[in-house]
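Enquirer: When I checked TrEMBL for this same protein, it listed these features:
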type	residues	note
BINDING	Ile3, Glu53, Asp79	S-adenosyl-L-methionine binding site
DOMAIN	12-208	domain 'Ribosomal RNA adenine methylase transferase N-terminal'
Amino acid sequence: RFITCSQLARTVQRCLLGEASPGPQPVLVECAPGPGILTRTLLNAGVRVVALESNSAFLPNLQSLENSLDGQLKVIYGDFCRLDPLGTGIVKPPALCSDKLFETMGVAAVPWRADVPVKIFGILPHVKERNTLWRLLFGLYECNSIYRYGRIELNFFISEKEYKTLTGKPGDAKAYQALTVLWQVGCEIQLLHMEPWSSFVTNLKNGGLGVPKTTWLPNDHLCLIRLTPRRNLFTGGLKPTNSPTFIFMVKQCLAKPKSRLIDKLSSWSLDVGDKLLSELEIPKNARTRDLYPEDYRRLFEALQTAGMFTETWFHDEVVESRRNV
């Protein structure tokens, strides 16, 4: 999980910063900085950094660096993948709550359409990739967790397999999934850099690379991607209050990607399928995997406007689906 060379650190720095826009710059939260190679590169570039480290072995050096600076670096004992844990009771470090994190950083909430207030950088552990992406997705659409503070920008190294999923195209039986549609509707997705797995330290006892295997998508690199929430995400009929229903609708449609959309509408006891698809200019024989992400948003907003998703039985299934995820 640790960047192994200063050259890669400089590459990441250029990708994260780009051309700085005029005005106050967003705070950059670095998750799991480890020995602090990238941290020092960012500090030398004049960036205000919050280092979120869960491994106590690295804390003394990071805290020493913090004490040598005049407020440019803040070190926090915490794990981003354990942010806002579910359930009740006392939150024990390295788990932490987003409100405490942002209070410690001194960052206040801003309106959704304002500029990005915080950038987050990290390497998602591949065993937690999918789960973390889903949890962030619910936070994004419901404006919970870190997204209560505005359009938080994520910059993550993820596996090439998951990158291909997030950027999948309609019709692709494997890569085009509910996760694809929901992230593409919610965020602008940019590929910043691709780095071979060999550039990263492995934790396998035999010295091999800890690369998750896949037989249907290339997975030869870690991909640095940027996920920037769209300013216009909530300007139509999609709102934080009804977004769980939208998520559930997309998940249900793409659970069987070869099925016809009109059959799915009929299974929900919606007898206006023909008319609705005609109004939306969607072919009546369209399979669920044929629709573009924006088509799913238009479909949801049309159903929402018509009051089709007010049935109690549908609401109960949405709640159960959210609990399972």
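In case you wondered, yes, glycine gets a Cβ from its N, Cα and C as well.
Unlike curated entries, TrEMBL annotations are predicted automatically.
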Enquirer: So for Glu53 (S-adenosyl-L-methionine binding site), how many other CB atoms are inside 10 Å of its CB?
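Expert: Cβ-Cβ neighbours of Glu53 (S-adenosyl-L-methionine binding site) within 10 Å number 25.
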Enquirer: Averaged over the domain 'Ribosomal RNA adenine methylase transferase N-terminal' (12-208), what pLDDT does the prediction give?
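Expert: Mean model confidence (pLDDT) across the domain 'Ribosomal RNA adenine methylase transferase N-terminal' (12-208) is 92.
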Enquirer: Asp79 (S-adenosyl-L-methionine binding site) has how many other Cβ neighbours within 10 Å of its own Cβ?
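Expert: Other Cβ atoms found within 10 Å: 17.
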